[in-house]
Amino acid sequence: MSSVQQQQSRKPTIYQVVRLVFAILTFATGCLSIVFSQLLVNVTLGGDEGLRTRWIGFTKRNFVILITFITSLTCPTDLELSFDSDTVSCREVLANAERSLLKLNTSAILIANHQLYTDWVFLWFVSYLNECAENFYIIMKKSLERIPILGYGMKNYDFIFLNRKWDLDRSYMIQRFAHLSSVKKHWLLIFPEGTNLSPNTKPRSDDFMTRQHLDFKLDHVLLPRVKGLYLACKHMHKKTNLILDFTMAYSDHLATEYAQDSFTLRSIYLLGKGPKSLSMFVRAIDISSIDGCTFDENANEEEEEEDMRKFEVWLNKLWVQKDKMMDNYYKTGHLVEGVKSTKIPLKLRNRFEILNVYVIPIVFFVLTWLACRLITTLLR
């Protein structure tokens, strides 16, 4: 049993329980505040799409502020960011890193290996650092939109909900991708693996690779799925010709362990025993430079299948590189040796930013109270 798992087996202390209660109350009141703000915006600004989008974006940024505040309180973590100097100008991107500001391209498709259910939290936090948190979009299972309160909030955020049935999802994805590419700023997050690495998913991935007679092996990642990412590239590349590729590795667990088992929601948010650091290696990929792919929107079905096969070969090679980086991380502590990393703590730039989460309901109730007092006075 690893040290992390041993710590998880211990009973929580009074302090940890109190901290958890505070975190739950903060999350619950924050979510209610955000959803109430969205409802108010939809009712009052529904006729002005520009203003509505701006204020919904404000509530979207507030959600990552809320989740960052809670995560930094319960389980402080450092991001160790490193970049591929051949594709990313490190000097430009990190010019204001000491102020927790990044300067990556604000219109891109994001891809990453998937280890924890909470991977999206850290990537959304990177968008917060990059000043585009309000333009962050996630592809997720359709069942999640039925979660009470949170489902309504996610639908307002224009997240993309999939049935995971190609015949049902294809036309919907094309429509959503076309819309996103028309938005000035957008980070679209896609986990090509489709699910996180676990004792259940790894054997299924390996079995599929065996049946497909693939001539490579993946030890630390799952075989990526090609269709969703291909479709995004095909229908967004004319305006969004960039993929930001993140390779993510968590500290404090062994190569023989699954991160999802070492860092459960209980261990992170109750016991405060999460990864001390998260290493991210980022490279930028020009979509138009992907070998052999045309991404022709007018291609017939046969031509699209052929183009997709070429894209699949490219994506598999990329995932083999990720697997090698992960192997290197477990052996040396670095995803890529000889590349300097920049440490940025997962926390808000200003602790008072958390008040933004509650500002719309507070202003609404204060104005309502003042209006009631005024009406009461006039009626006397």
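Placement of Cβ uses the backbone N, Cα and C atoms for every residue, glycine included.
In TrEMBL, annotation is done automatically, which means it is predicted and not curated.
Lifted from TrEMBL, the feature list:
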- 20-41: transmembrane segment (TRANSMEM)
- 108-230: domain 'Phospholipid/glycerol acyltransferase' (DOMAIN)
- 355-376: transmembrane segment (TRANSMEM)
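Counting residue by residue with DSSP, the domain 'Phospholipid/glycerol acyltransferase' (108-230) contains 57 helix, 19 strand, 47 coil. The average pLDDT computed for the domain 'Phospholipid/glycerol acyltransferase' (108-230) is 94.
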